[in-house]
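So the structure is just underneath, and the comments pick up after that.
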Amino acid sequence: MLAMKEKNKTPKDSMTLLPCFYFVELPIVASSIVSLYFLELTDLFKPAKVGFQCYDRALSMPYVETNEELIPLLMLLSLAFAAPAASIMVGEGMVYCLQSRLWGRGPGGVEGSINAGGCNFNSFLRRTVRFVGVHVFGLCATALVTDVIQLATGYHTPFFLTVCKPNYTLLGTSCESNPYITQDICSGHDTHAILSARKTFPSQHATLSAFAAVYVSMYFNAVISDTTKLLKPILVFAFAIAAGVCGLTQITQYRSHPVDVYAGFLIGAGIAAYLACHAVGNFQAPPAEKVPTPAPAKDALRALTQRGHESMYQQNKSVSTDELGPPGRLEGVPRPVAREKTSLGSLKRASVDVDLLAPRSPMGKEGMVTFSNTLPRVSTPSLDDPARRHMTIHVPLDASRSRQLIGEWKQKSLEGRGLGLPDEASPVHLRAPAEQVAEEEEEEEEEEEEEEEEEEEEGPVPPSLYPTVQARPGLGPRVILPPRPGPQPLVHIPEEGVQAGAGLSPKSSSSSVRAKWLSVAEKGGGPVAVAPSQPRVANPPRLLQVIAMSKAAGGPKAETASSSSASSDSSQYRSPSDRDSASIVTIDAHAPHHPVVHLSAGSTPWEWKAKVVEGEGSYELGDLARGFRSSCKQPGMGPGSPVSDVDQEEPRFGAVATVNLATGEGLPPPGASEGALGAGSRESTLRRQVGGLAEREVEAEAESYYRRMQARRYQD
C-alpha cells in the first residue's frame, strides 16, 4: 500500500540527469581509477630520494613479503569498497520498502521517481547509484592523495635498509666521518621492494580504511531509525574497528611507522566527512518543492462578530477611538459624527448591511455595530457646544472699501436692468426675472460649496453662526461684532432720512433739508423722466453698501439677520417664511465704532443706533449725493436710550428710518407726488426698488442655505 502511494505520484521529468551522469560524473570516476592504476601498479612515477643514516636501526626492521601480509593492498581495496557498497545497497533496499516509516519523518521526505531519456528511475536506483558512486570516487581520491604524498615525500619504511642492502664502500669514506648518506648505494636486487620501501607516509591502508569506515558510519547514522537502539552502534563500531585493525597491522608488521598510520587516519576521515556532507547531502532526500498555498481569505463578517458588544464596552477610550476612528478626526474642534460605510461585497449576503460608526466619544451603547437592516440605525447625538451657538462678526466700515463695493453693485445693477426696467408703480414687478434669480442662486450655491470645501481642507471651521449678545444692566443688551475670516454677513441698513412729505418738520432744520434736496435735484438735471431703455442709477449709500458687501463675500447671506433678531435656539431651524417678518435690525453704517443694539420694550424688533460724532462728515457717493453732508447731532440718542424715545422725536435729516421691505411698511404710496422733493423722491423710489430686489435675493439665498443646513443635519 505504501509502495502504491509512491508509485501513484506523478514522476518528474529531468533533462540533466543522464547527461550529467554520462559526461561529468562517470568520466571523473574513470579518470581517477586510471590514475590510480598508473600510480600503484606501474613504476612510471618514482618517489623522491631521501638520505639516511648509516646503520640506522629504525630502518633495519625485517621485511615481510607482500603475500605474507595480513591485509594486502588488493584485499584492502576490495574490502574498503565491497563492504560499504553492500551495506549501502541493503540499506537502500530497506528504505525503499519502508520509506514512509523511515523517510517520512526526515526533513527531506520521500523521493519520487524521475523520467529521464525515456526511462523511469525510482528512488532506490537513484539513491544507490549516487551513494555508492560517491563512495567509489572517495576511495579513488583517497588513494590518489596518499600516493601523491608518498611520492612527494619519499620517506623510508622501517624495512628500507633490509631491502636496500647499502654498499658503504662505494662512499669512499667511513660512516664515522660522514654518517648521513644521500647517494644511492643500494645493492639489493628486488627493485619493487626498494621502491615500496621509499613510500610510507602516509599509510595507504590507514587512509583507505578510515575513509570507508567514516563514510559508511555516517550513512548508518542518517538512514537507520532511532527505534533500533543497537543496530546502528554495532555497524558503526564494526567498521571503525576494521579500519583500526588495518592501520595497526601496518605498524606490527613494520610496514609503516606509527606516525604514518595516524596521519592516514586523519586524511581518510576528512575526505569521507567532506563527501558525505557536501556530495550526497548527508544522505538525505532533497527538499521537495512546495507549491505556495494562498492564504485563506479572511471572513469579514466572522471577524466582526467575534468582536462582541461586551468586549467593545470594556475597551477604554483610546483603544476604541484608535480602532474605529481615524486620528485626523479626533483632533481640533469636534465635528458632527460621520458614518463610514465599509464595502463588504465579498460576503455575498443581500440581507446584511454593516455600518461602522466612528464616534469621537468613548465607546458605549451608541457605538455598537448593527448587522441587520431591520434594526434601527444607531447614531450618536450631535455634540453641539454652547459656544458654537454664537459667533462674532466684524462689519468693515472703511470708506474706500465701501466705494469699491458700491461700484461693483452699480455694475451688477446695470447689467441686471439692461434686460428691461420693470414698472415703478407696481411693487410686484420689483422682482428680477425667475431665470436670472435661478442662475444667481446656482452660482451662489457653487461658490458656497467651494468655500466649504476650502474651509474643510484648511482645518476645523470655527463656530461662527450667531453673534454674541452681552447683557448690560441698565443699558440694554450689546452685540459685539469682532472680525472673522470668511464671508461678510448681510446686515440690513435702512435708507437715510427720506420720508413722506407730510412728515417734514416745520422747524429750522427742515428748511435746510429742503434746500439741500433742491440743490441735488438741480445738479441731477431736474425732474426729468428716465426712459425704460436707459437704466437709472440710484446711490442709496447705506443699503447698497451692505448688500454689496454680502454679494462680494459669496457666503451665507441670511445668517446674521436671523441670528441677531432672535435667540440662539429658534431661528436656525426655521425657514424664512416661518420667522417673524417684523424682526428687522437697523444700523448706522457710518458709525465710527461698533454699533450698539437697542432692545425695545415688549416684542418689538431691535434697532441698532450709533453715536454720531459732531463734525464728522460722510463720504460722497455718486452724482445724486455729491452734496450730501452729515454734521448734525441727534438729541436723545444715547447708547442706552430705547427705540420708543427716539421714535417720539421729530424726524431730522440724518435720522435712522426703519423700513420693513418684506411687508412694505414705511414705504410711500405708489402714486406719491414728487413735487416736494423732486429728484430726491425718485431716488427714494429707486432705492426701494433695489431694496425689494435685494430682499427677494436674500430670501432665496436664505431658503437654499437653510435647506442645505437641514439636509446636512439629517445626514449627521
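Glycine residues also receive a Cβ, built from the backbone N, Cα and C atoms like all the rest.
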Annotation match for phosphoserine in Swiss-Prot, from SER60, SER100, SER351, SER550: SER351
Candidate set SER361, SER505, annotation phosphoserine, source Swiss-Prot, matching residue: SER505
For the transmembrane segment (261-281), distant same-chain residues with Cβ under 8 A (at least six beyond the ends): 130-131, 134, 137-138, 141-142, 145-146, 201-215, 218-219, 243, 247-248, 250-251
Candidate ranges 18-38, 131-151, 205-225, 231-251 - greatest C-beta contact count to the transmembrane segment (70-90) (under 8 angstroms): 205-225
Cβ neighbours of ASN167 (N-linked glycosylation site) where a neighbour is any other Cβ within 10 Å: 11
Mapped DSSP class for ASN167 (N-linked glycosylation site), helix or strand or coil: coil
Close approaches to the transmembrane segment (205-225) from elsewhere in its chain (Cβ under 8 angstroms; 6 or more beyond its ends): 71, 73, 76-77, 79-81, 83-84, 87-88, 91-92, 95, 101-102, 131, 135, 138-139, 142-143, 145-146, 231-232, 235-236, 239-240, 242-247, 249-250, 255-256, 260-269, 271-273, 275-276, 282-284
